[in-house]
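> Provided herewith is a single structure, encoded as structure tokens, for subsequent inquiry.
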Amino acid sequence: MALLAAATLNPTTHLSLRSRAGRNSENLWLRSAASSQKSKGRFCNLTVRAGTPSKPAEPIGPVFTKLKPWQIPKRDWFDKDFLFGASTSAYQIEGAWNEDGKGPSTWDHFCHKYPERISDGTNGDVAADSYHLYEEDVKALKDMGMKVYRFSISWSRILPNGTGEVNQAGIDYYNKLINSLISHDIVPYVTIWHWDTPQALEDKYGGFLDPQIVDDYKQFAKLCFESFGDRVKNWFTFNEPHTYCCFSYGEGIHAPGRCSPGMDCAVPEGDSLREPYTAGHHILLAHAEAVEMFRTHYNMHGDSKIGMAFDVMGYEPYQDSFLDDQARERSIDYNLGWFLEPVVRGDYPFSMRSLIGDRLPVFTKEEQEKLASSCDIMGLNYYTSRFSKHVDISPDVTPKLNTDDAYASSETTGSDGNDIGPITGTYWIYMYPKGLTDLLLIMKEKYGNPPIFITENGIADVDGDETMPDPLDDWKRLDYLQRHISAVKDAIDQGADVRGHFTWGLIDNFEWGSGYSSRFGLVYIDKNDGFKRKLKKSAKWFSKFNAVPKHLLGTTKPTGQAPV
């Protein structure tokens with residue numbers, strides 16, 4: 001997706017995550033809960049990647065500066081098994097919104113009924129037309145030397161009503177895509193759900209606000225495993241549940257567009273302080289059910305993997321103070337921890353339980369057991385970082401959004417007046433590669449060093465950016481990606497178990513609330529020339545980067561059991 005963080009610039013709004021590794025301050029509440037929230041330690045016998053040590057990049061100033069030649073990452077910095085690829089999602093690229101038996105999704109409904117909620121009034125009816133042009137997408141991946149394509153399944157394309165009758169034409173489409181990828185030596189990584197719930201289920205019982213969604217999602221996942229599992233070995237159950245819950249049920253700026261009465265959203269009939277947690281709870285329960293089913297019945301290869309893809313944001317304390325250190329810890333808990341802690345340890349972070357109270361649903365013991373250690377792999381979608389600033393916890397402060405519950409504001413500028421990094425063409429993305437390195441080390445040190453894929457990472461070309469007049473000369477994206485690939489290598493050198501980097505996105509597509517005015521693709525879509533795919537400068541760089549023969553690359557080095 002590319003996280004459209006429309007609210008990250010609001011100082012009282014807190015969207016996403018992370019922080020500096022290596023700082024010893026702990027969350028005040030977590031100290032008292034540490035003994036009861038130890039990981040069950042599923043992640044063991046992991047590997048640390050070997051390769052030529054990378055050259056550290058110079059500090060980034062307030063503007064984009066190109067790396068020195070010796071700082072540009074090389075493929076042989078990474079071992080032969082490290083995977084480079086690109087990601088997309090169904091609604092953003094496929095088009096064909098009502099063709100061949102497909103049913104409407106919540107995003108079809110949202111864009112058609114509330115076009116004013118999209119900045120340019122557009123929709124995904126045609127998008128990049130990948131339903132018809134998927135072979136061109138595969139060709140672009142092959143031309144770049146990419147080894148992985150991460151894409152999502154449209155629930156309403158294969159189950160038009162969300163349940164019941166299967167649409168064989170939808171199954172056939174994904175079979176053709178998967179077979180084409182494999183024939184070109186590209187590995188499919190499948191996201192089962194990427195925000196586009198069938199509208200039929202939204203109309204029937206409110207979608208993810210109702211517990212019925214858990215079983216319906218399980219049946220959808222079962223159909224995916226049965227239809228594609230003979231060729232697909234790597235699965236993500238959900239993509240970016242944190243952003244989905246905050247934007248769809250808190251602020252209401254994404255489908256289905258719900259928020260509290262009196263707020264400015266498409267459907268001001270919800271509860272912005274409760275519904276995000278209700279929807280998130282059902283997502284976690286659906287994940288647990290799907291994973292248990294997969295491990296019991298559908299691990300057809302014996303070594304197939306399943307996990308979840310989390311949206312993440314790096315965090316630094318606003319200033320060097322105890323209170324801002326604690327704010328940073330709460331920021332981590334309320335964003336990364338909200339969905340990560342349950343799938344690792346079986347419950348929400350203690351700080352969330354302390355501050356949210358009865359608005360946060362409770363797991364049964366059986367649910368906790370199913371959730372704990374329910375990810376074989378984890379995806380992290382990283383774009384940017386923020387400073388975290390303490391907000392006084394007081395009975396006089398009444399949260400209006402669930403994102404206020406952390407009592408930590410998200411700032412782009414620190415106490416010294418400097419931005420956290422140079423702003424990109426996209427107003428919410430400030431380039432801060434260190435945030436990615438730090439986040440990966442947090443995963444290593446706090447969460448048992450799970451196998452991680454960077455499942456999204458990139459920036460957008462935007463309308464009106466005079467520094468990039470040529471749509472194919474995306475020099476900012478190239479610099480951004482080079483620095484973040486180097487940041488991944490820095491984390492690997494310090495022991496983080498990172499297995500791959502997937503750029504967001506493969507092609508220019510429909511970017512949710514920004515429509516087509518914000519374009520994240522490595523590949524340009526020329527809509528005036530039959531939606532022809534044209535490689536941008538960054539894509540051509542990947543073609544050279546990935547051209548190193550595999551036999552010249554190193555191999556992994558096994559380590560002992562990961563820390564827990």
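Heads up, the Cβ atoms here are built off N, Cα and C, so glycines get one too.
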> According to Swiss-Prot, Gln92, His194, Asn239, Glu240, Tyr383, Trp504, Glu511, Trp512, Phe520 bind beta-D-glucoside; identify which of Glu135, Glu136, Glu289, Glu456 is listed for that same site.
Glu456
> So Cys259 is in a disulfide according to Swiss-Prot. Which of these is its partner: Cys246, Cys265?
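When Swiss-Prot is consulted, Cys259 turns out to be bridged to Cys265.
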> Does DSSP give Glu240 (active site, proton donor) helix, strand or coil?
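Note: Glu240 (active site, proton donor) is coil by DSSP, not helix or strand.
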> Tell me the Cα distance separating Gln92 (beta-D-glucoside binding site) from Glu240 (active site, proton donor), rounded to the nearest angstrom.
15
> Relative to the Cα of Glu456 (active site, nucleophile), which of the recorded positions Asn239, Cys259, Trp512 has the closest Cα?
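Checked the recorded positions Asn239, Cys259, Trp512; minimum Cα distance to Glu456 (active site, nucleophile) goes to Asn239.
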> Rounded to a whole number, how many Å is the Cα of Cys265 (disulfide bond) away from the Cα of Trp504 (beta-D-glucoside binding site)?
27
> For Tyr383 (beta-D-glucoside binding site) and Cys259 (disulfide bond), what Cα-Cα distance in Å is obtained after rounding to a whole number?
26
> According to DSSP, does Tyr383 (beta-D-glucoside binding site) sit in a helix, a strand, or coil?
strand
> If you measure every Cα to Cα distance among Gln92, His194, Asn239, Glu240, Tyr383, Glu456, Trp504, Glu511, Trp512, Phe520, the residues said to bind beta-D-glucoside, what is the biggest one in Å?
18
